[in-house]
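What Swiss-Prot says about this protein:
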type: BINDING; residues: HIS14, HIS16, LYS100, ASP248; note: Zn(2+) 1 binding site
type: BINDING; residues: HIS16, LEU17, ARG18, ASN42, HIS137, LEU220, HIS252, ALA264; note: substrate binding site
type: BINDING; residues: LYS100, HIS137, HIS175; note: Zn(2+) 2 binding site
type: MOD_RES; residues: LYS100; note: N6-carboxylysine
type: ACT_SITE; residues: ASP248; note: active site
Amino acid sequence: MTTTITITRPDDWHLHLRDGAALSAVLPDSARRFGRAIVMPNLRPPVTTTALAYAYRERIMQAMPAGSGFEPLMTLYLTDNTSAEEIDRAKASGIVHGVKLYPAGATTNSDSGVTNIGHCVKALEAMEKHGIPLLVHAEVTDVDVDVFDRERVFIERNMVPLLERFQGLRVVFEHITTKDAANFVAGAPENVAATITAHHLLMNRNAMFNGGIRPHHYCLPVLKREEHRLALVAAATSGNPKFFLGTDSAPHAKSAKEAACGCAGMYTAHAGIELYTEVFDAAGSLDRLEAFASFHGPDFYRLPRNTDKITLEKTAWEVPASLPFAGDELVPLRAGSHISWRLKD
């Protein structure tokens, strides 16, 4: 008899949907699995204003599969010049649910990011007043800091002073990758939470070098040592409401990944909930999947939980070698290999 599990429809609290033809290619994967998603603002040009967020949301809605109830939750891209008035407009809009902090140069399309947190004081004060979460890509970008230490150094250098200065600011430590981050969030006040990706739960840094360079396993923050992966699994399966699902699914064309200077990011939306189910199954914690995937996120964001359900069955299926993507190809995680859980229609 096939093993099945039925849970409240999950949400994705960290998603890259891109734009144009790329948006149309990837949106159906997320819309099939999730009720809502926090949509990242790192387009070219970035979504820096509420007006741009409205326009981007409209493009997403126009690309939505027929009959889908998926809801995009918009975000703004924080810059050195973001004003308190813009945060006021974001709050009044009802469509903006967070503001993303990218240290300049930290990841894809982050060139417009924050150069010094001190430049953002007025915006952060307004966010604190309105209860709008700050979503932090928590890595320093100094060339003299080892890429595997960027997250740990950011905690010491930036996150601790930020939380001391803005004690009422609600903060999501995005895509945590280290035991340092897991421990920090677990011990932080209740206004601090974290998202965890499926790929950081499933793989350690060996996956980038297994038999050769594996460009489709390169992401930012980069995969870390096994001790860190185990700490993330422990956090995700702990039942602690500070930790919740955020895929950080980041589609890039195959030609942009398999290159001399390839892009960072893994595409996981094709199996956005199935991969997490694998993790929780392997950890003997399927009974805690629903809280992590469906409850902790909306509770932190002060939104209602979804009311409909999805069912997954323990039936292996083979992931396609590639998917069509805006005139190119997109290589999904586990391309040509199997995933042990399947979402039932």
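Note: Cβ is positioned from N, Cα and C throughout, glycine not excepted.
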Cβ packing number for ALA264 (substrate binding site), 10 Å threshold: 16
Other CB atoms, at most 10 A from the CB of LYS100 (Zn(2+) 1 binding site): 26
Nearest recorded site to LEU17 (substrate binding site) by CA-CA distance, among binding-site residues LYS100, HIS175, ASP248: ASP248
Lowest local Cβ density among HIS14, ARG18, which the record lists as binding-site residues, within 10 Å: ARG18
Cα-Cα distance, maximum over HIS16, LEU17, ARG18, ASN42, HIS137, LEU220, HIS252, ALA264, record's substrate binders, Å: 19
Nearest of the binding-site residues (LYS100, HIS175, ASP248) to ARG18 (substrate binding site) - Cα to Cα: ASP248
Inter-residue Cα distance where the pair is HIS16 (Zn(2+) 1 binding site) and LEU220 (substrate binding site), in Å: 13
From HIS14, HIS16, LYS100, ASP248, the binding-site residues whose CA lies within 10 Å of that of HIS137 (substrate binding site): LYS100
Spatially closest candidate among HIS14, HIS175, ASP248, the listed binding-site residues, to ALA264 (substrate binding site) (Cα to Cα): ASP248
Cβ packing number for LEU17 (substrate binding site), 10 Å threshold: 25
